[in-house]
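Features of the protein shown, as given by Swiss-Prot:
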ACT_SITE  692  active site, proton acceptor
BINDING   241-242, 468-470, 511-512, 615-621, 625, 688-691  Mo-molybdopterin cytosine dinucleotide binding site
């Protein structure tokens, strides 16, 4: 199905099932511990051996010798896999560094060997016996140190210029010129990376924890140099990903290599301390913002430049993209700079680009509003735009940022905010309020599904879509139930298997909208088959209560399947609407914080997000996504930071003891409001995505609230005690 014109009225608009707050249908399995994750398919792969990864102890250089003799002789050891005995390997298109290193070492904890043994404990013990010898090369590990050497944009991401920024900024009546930094961050998903591989002749089955089944399958086949049709990926349940499981990782490749070598199933799991350095992370940024406005507060010039680092062949953190679209202004400049760093691979993490970019932009907007003497909510409203500032002929499909901000201000009680910093106290606590706009583009990906109508009236949905804790099972079931007129309880959903039609996968906030659109397309085809089976015109037929009705005639779905199960497979492809219209999602984030006047401790007291993100397919699962994202934004604002050893080139705090993330007690009150934002230009579902929007802008809202509470403007995240203590107002 080609979606190339705005959606008219369609079966989803009935909203009998879609748009309602249903519980997650996979919830009972997860809460009872019976949902099986990648490491838990014991019956399907009996007699599994275990692999333990040996990671490089240097960040850059060469492996001069690798002595595995002692490990191979250790109790229970079956094999030691290295680059020298693994056979010729390719490299996946989406991997920056090789997943099995040697002799060249590209980053710290790059896998250089896998010890395979009868038990996990034996493999771990034997791994400690592997002796690696290196020649260390000088590496670059500090973005600040490398910044000056990078003054040109990457070849494939040139600077964007509109109008005359330099002239407009010079003549601006009010201006801000400041630099902001965000640190390296880790995904820290609850489930570690884990895989289990089984070979049957030349056919590989891999159970793994991966967000994008087709990407994983394609890159694994390419790396192993086997036909892609010989690889099957299974990943029905994933314990969080946040972008860290978008791509093929070392656990999957090494499990496959080991299983082939020892001719039996092999399990490989990355221990928590290995994950930050062995896999990927959100790269640090250094962002320079210059914004100018006229006397009335209207922005006349905006420039956003961002520096980030990555391994050779890597890509920059696209932290400027929201600045191209969020506010009006005739004169604009954005640019990305990429330094070569020898830290572990930088790659996607929840809301790549916009999340760190808004951490800077939305502080700068507050600073400019203060200089202009305008309330920060009103300043954002004043500078709203309904068109792409770089192309005024290109409108937004839907844009309700003003409504998000006004609704949020009213609900939050913004009028009671004291605009003068440091004036509101609650005992020993300084109290402040902050706001930020949220923005995330609406990305669209082709997505397919297969839908069966069984003779007993039940419906089965099959797609390689994944559920990373987001509610995919539920919204796909809701879609099929709505389309075919059956109760939600009569729909079974099977996900995460490469033998199913290729879906959009879980990432980029596109999963819900595009995967349900794929199911919509398959159901439309199935509706035609059902109508044909009973002799009805499909375009004039309605589906409800297990029946198909055409005028005064009706038939049961059971009658339609008298000849056997009906099956339809279809995919949704998106045309040029995304080029004709700018498609984005918006939010208004409001935060109240308390800052202890003696210790500098920051406590988030309450948070509110008002979101405009297309049709909300399931308010309950969507709210869960947003409050989780808000929590992640709080972590980014106040605590999350991968500490870099800039002598040896690795992340020091590489576990959950050293890398702090928020817990329930850190945020006592969160509220989410969804505006009616049905968008027929987005998809036949008229939805968008919300899981990343809930993060975008939160950290800046907290930073702005801290400023309102204390008068201290922190531009370097996270906002830790040391950045507040010596500047706090005197204790009264």
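Backbone N, Cα and C define each Cβ position, glycine as well.
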A 10 Å Cβ contact count, applied to the binding-site residues 620, 688: which residue has the minimum?
620
Ten-angstrom check, please: count other Cβ atoms within 10 Å of the Cβ of residue 469 (Mo-molybdopterin cytosine dinucleotide binding site), all chains counted.
24
Could you tally the C-beta atoms, other than its own, that fall within 10 angstroms of the C-beta of residue 691 (Mo-molybdopterin cytosine dinucleotide binding site)?
29
Least Cβ-crowded entry, counting other Cβ within 10 Å, from the recorded positions listed as 241, 512, 617, 692
241
Where does residue 692 (active site, proton acceptor) sit in DSSP terms: helix, strand, or coil?
coil
Students should find that the Cα atoms of residue 617 (Mo-molybdopterin cytosine dinucleotide binding site) and the residue listed as 'active site, proton acceptor' sit apart, in Å rounded to an integer, by 16
Rounded Cα-Cα span from residue 692 (active site, proton acceptor) to residue 469 (Mo-molybdopterin cytosine dinucleotide binding site), Å:
13
